[in-house]
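What follows is a set of notes on a single structure, which appears directly below.
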Amino acid sequence: MDRKVQVLDFIKINPAGNITILIDNFDIYDKNIPKLSEEIMKETNLYAEQVGFIKDSHLQMMGGEFCGNASRAFASLLAFRDKDFSKQKNYNITCSGESKVLDVDVRNDGAKNKFLAKIKMPKFLSLEEINVDEYKLGLVRFSGINHFIFNIKENKETSFENIIDLVKKYLSNEEYSAFGIMFFDSDNLSMKPYVYVKEVGSGVYENSCASGTTALGYYLKKCKNLDRAKIVQPNGWLEYIIENDEMYIDGPVEIIAEGKIYIGK
């Protein structure tokens, strides 16, 4: 007897290295989204760092979290599909984990499938310095994700896994949908992002992270009065810009592929 197969429409997108799968024409509130996403992300499947589900102008992330890079990817897809798009256009979208409408400025980057997308990011709820065991971390809270800033030069810790376990323990009595740890090198303005999504029950080292870069930008503004910086990511770059007390994240987006994915039920 044949197993049933679920057929989904997908678009694979590269926002600054943070490989993202967007699933179209699907119930964005389906209860199986976390399980489906886990299957889609596998190395033996489409192989990505995160999955989002899109309908009209809304993006629903796999764990109900907010994601800046997926939002930039979604707006770039809208430009890619927009017959009226030529060089530049602004797109208003919404994303899970964030109640406000997001404004994304999309520009062509030299090819039909390549864009630069600048998103106005949500403001943080709180910014503080905390101590976790003997380590000092920055903690920037947003409505859809909590980001920890770990300065690897200052803390001199070689085991990132140890820090991840300590942060999980720190958050054990809190309600949250996702957390990130930005392992930041202050010498060369580079970072290695780790993001854990509670609903999916796993975390990944991402090749870039827009909300994490936002958190780092707010942190650097507070600590070093730095309004703008290009932050080197493991597989690309993202620039944060603070203008008139608003935070923007800018960087490249490339539409890689689209087609159908087959998932065994």
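Cβ atoms here come from the backbone N, Cα and C positions, even for glycine.
Going by Swiss-Prot, these are the annotated features:
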- Cys67: active site, proton acceptor (ACT_SITE)
- Cys209: active site, proton donor (ACT_SITE)
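Annotated pair Cys209 (active site, proton donor) and the residue listed as 'active site, proton acceptor', C-alpha to C-alpha distance, rounded: 8 Å. The most densely surrounded of the active-site residues Cys67, Cys209, judged by C-beta neighbours within 10 angstroms, is Cys209.
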